[in-house]
Amino acid sequence: MTSMAASSTTKIAWRLQEFEAQSSSISCLALGKSSGRLLATGGEDCRVNIWAVSKANCIMSLTGHKNPVESIHFNVSEEQVAAGSQSGSIRVWDLEAAKILRTLMGHKANITSLGFHPFGDFLASSSMDTNIKVGVLSCGHTQAVRSLAFSPDGKWLASASDDCTVKLWDLAQGKTITEFKSHTAAVNIVQFHPNEYLLASGSSDRTIKLWDLEKFTMIGSLEGDTTPVRCICFSPDGSCLYSGATDSLRVFGWEPDRCFDAVPVSWGKVSDLAICNQQLIGVSHHLSSVSSYVVDLKRVKKSGGAVIQGIIQDDQPLTEPKKDPKGAALRKNYERPTTTCRSQRLKHRSESDRRSPEGERRSPSEDEADEKLSSAEIHNAEDYKAIFQPKSAISRTPPKMSEPFPAPPEDGESSTRPSPPAAGTVSSSHPAPTQPPVTAAKSKPQLKIISSARNEPIGLNVADFLPSSPNHRSGALSDEEALTQMKKGHETMCVMLSSRLKNLQTVRGVWTRDGIKIALDTAVSMNDPSIVVDILNIINPQSLWKLDVCMVVLPQLDKLLQSKYESYIQTGCTSLKLVMKHFWTLISDTLKATPSVGVDITREERHQKCRVCCEQLKNLSNIVKNKATQVGRHGSTFKELQLLMSPLDDSP
């Protein structure tokens, strides 16, 4: 085989950094695929930590899981992260707002894989219980499911399992399209081609299979990895496939099957791959430490190479095969939705989310208790603002990083690199780096978590600005210590207030464009009671209420009346009084009216709205009766409401 001269004396692959990521053993990690610059880690300490790749300072910590975290996944825009635990529960956090979005129950064992839909507002999850859950769809394999992937158009879901199979699911129909059975060992990873109807799966049998999704046939079997295939990743243009195995990266082509290149990388058992700026980022973990590696893809061969199970000449590389205009070049491509909008945020929760592992519906109080245990604490405000809150309103989140990681110089090694060996052989002429690069100091990060309900507005707590144990002070605080105490929680509060302002500006824009009803729908969908309270405080004095507005607001009053915040209770009571004074007569008369002869669509719609409002008012009446027994100002307010709502007892 001929050798390929390196374009410079810098390394082709190098270790970027190594650092302590958790206080105990790490069990999972994930890269943000869009930027290649975000990393999430989870472990036995039940926490999720967010990092910027190449920096050893934790950006933020997410708490709330009561069992070790087993699986993590970013959504496409990297604004949300989902984490699944050993108990089968899943938590989804909004990283921009630094708060918990929702908690999902339903699996009965360890979560093994997670996936966000590329365009929709739902999440796919798999578990050791062999089940896959996607919205209302529940399906599975005969053994544990190890990997999930949505197709680029969002219509299909692929799953890989320990039962040696790969299944393809139609999300619209809620059923299996086909099952691929050519692997002879557990399938660890599955990945869709970015453009063509093509699917790749990597297995512990040390092969990668390629499946044509039009004919549902295997069109390639890529062999040559000497250890189980743990990660696979198509190039952005789909021209080749990168395979991550123990201490190696291989570059494969297909039709015909061939190995373009093999690069030794000392990453051990690599856990995830991402591509950015013509560099491949790989991450692995051992005990509580994480290592990140970079491969310069400009220096890696992506054409030519050895034909797998074929014959090539020793004195020249294989030329790029010509595409058959009637064959692979015409394989069908995915049709993505014609929209420039970024992926939608996950909705807060539906009734189907509130399920315990035994299938019993969870009460709102149980959900609230769970969320109060969940927190998002920011440790590095500068990096947080740079990544999740860019100054320019039109910047993507996180912002695109245009600069690649600089490659270190070679350690006195030859500047030439042999071509990759034929598949199935082991290369000894490709020595791994003999001197490890400088890494970050292995000092455990001081991750102090302030447990609080980050999905609730933060009030000023005097205790947060004072020493935690003043009785044990040896003397007066120094200026620096006093300043540190005063700043405690300040950055998180600023983030929450900035997020609140951003959401209010969004609601204001919708109100101006689409009216109050759509604006209220938008406010409710943000899952932040403070936004709803702000809007109600605007519409209450101005008598902007309509029946449609009542239908949106009444379900929210349940939370406000039972809130721990006095201002929320006050606003909820005021809104409920306005509804009873201005709409109860209309609601009651409409429900008691004799049905008209013939079809009156307008009347039927009004009758339906009144019926819904009446049911909601009856639910609120029960809360008011319980609260009316309280003493003090709130008790008097609820007693007044109880009298005002007494006609509900006689309603149909």
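Backbone N, Cα and C define each Cβ position, glycine as well.
In the repeat 'WD' (19-61), the DSSP tally of helix, strand and coil residues is 0 helix, 23 strand, 20 coil. The repeat 'WD' annotation in TrEMBL covers 19-61 (among others).
Mean model confidence for the repeat 'WD' (62-103) is a pLDDT of 90. TrEMBL lists 62-103 (among others) with the feature repeat 'WD'.
According to TrEMBL, the feature repeat 'WD' maps to 104-134 (among others).
If you look up TrEMBL, you'll see 138-179 (among others) marked as repeat 'WD'.
The repeat 'WD' annotation in TrEMBL covers 180-221 (among others). In terms of DSSP helix, strand and coil, the repeat 'WD' (180-221) has 0 helix, 25 strand, 17 coil.
Feature annotation from TrEMBL assigns region 'Disordered' to 316-445.
As annotated by TrEMBL, compositional bias 'Basic and acidic residues' applies to 349-385.
Taken from TrEMBL, the feature domain 'Katanin p80 subunit C-terminal' applies to 488-645.
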Summary of DSSP states over the repeat 'WD' (104-134), given as helix, strand and coil counts: 0 helix, 16 strand, 15 coil
Number of helical, extended and coil residues in the repeat 'WD' (138-179), per DSSP: 0 helix, 25 strand, 17 coil
